[in-house]
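Engineer: Attaching a single structure in structure tokens format; questions to follow.
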């Protein structure tokens, strides 16, 4: 019988970013308790040798699984040292891969306080509204003028530590042009 291959999207991520993601997840699971229904699965609990960890995030009947890998083939850049992340949405026996933006939106629907579009209606009706959104990564569009006015009224406060964002985890920060720092006029630092 011939080999059957299954292809899946794995986002190449550097090791330090994966470690930051894991520590943020553990913080919000155990200390802030905002993600206390999440399940962190260690590498020794998996039978697959390339899986570094899994984070199972319940979303109603479904769940989102963020899997980190190690020991993969290196990428085209020197810093792609065989680390990667895949994001999967599961409902019973159905599984599909999702993009980081959608994963953040799904997480934001179920977890972390939000000052959302519904806050405009609640404020007009005189109801108490949540003063801020803890998960800005879950919003991908500009709000209405009323929403922007309400958010301007309430000063945003950044949660410490920040909410774990899947989009931030797989963000490609290496291909952005970086400025070198050094002494003024240094020939070696200016690239001349």
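The first residue you see is number 1, and the count goes up from there.
A Cβ is built for glycine as well, from the same backbone N, Cα and C atoms used for every other residue.
Quantities reported herein were computed from a predicted structural model and do not represent experimental measurements.
Look at Swiss-Prot and you will find 14-17, 74-79 tagged as region 'Interaction with host APOBEC3F', backed by sequence analysis. What Swiss-Prot lists as region 'Interaction with host APOBEC3G' is 40-44, and the listing cites sequence analysis. Annotation comment: Swiss-Prot describes 108-139 as motif 'HCCH motif'. The Zn(2+) binding site annotation in Swiss-Prot covers 108, 114, 133, 139. Here Swiss-Prot flags 144-153 as motif 'BC-box-like motif', drawing on sequence analysis. Annotated region 'Multimerization' per Swiss-Prot: 151-164, in sequence order, evidence recorded as sequence analysis. Annotation comment: Swiss-Prot describes 151-180 as region 'SOCS box-like', evidence class sequence analysis. Summarising the annotation, Swiss-Prot assigns region 'Disordered' to 159-192.
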Engineer: Looking only at the motif 'HCCH motif' (108-139), report the model's average pLDDT.
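Structural biologist: Here the mean pLDDT over the motif 'HCCH motif' (108-139) amounts to 60.
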Engineer: Near the region 'Interaction with host APOBEC3G' (40-44), which residues from the same chain, at least 6 beyond its ends, have a CB less than 8 A from one of its CBs?
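Structural biologist: Here the qualifying positions are 22, 25-26, 29, 51-56, 70.
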Engineer: Per DSSP, what is the helix/strand/coil residue tally across the region 'Interaction with host APOBEC3F' (14-17)?
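Structural biologist: Helix, strand and coil residues of the region 'Interaction with host APOBEC3F' (14-17) number 3 helix, 0 strand, 1 coil.
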Engineer: Within 10 Å of the Cβ of residue 108 (Zn(2+) binding site), how many other Cβ atoms are there?
Structural biologist: 21
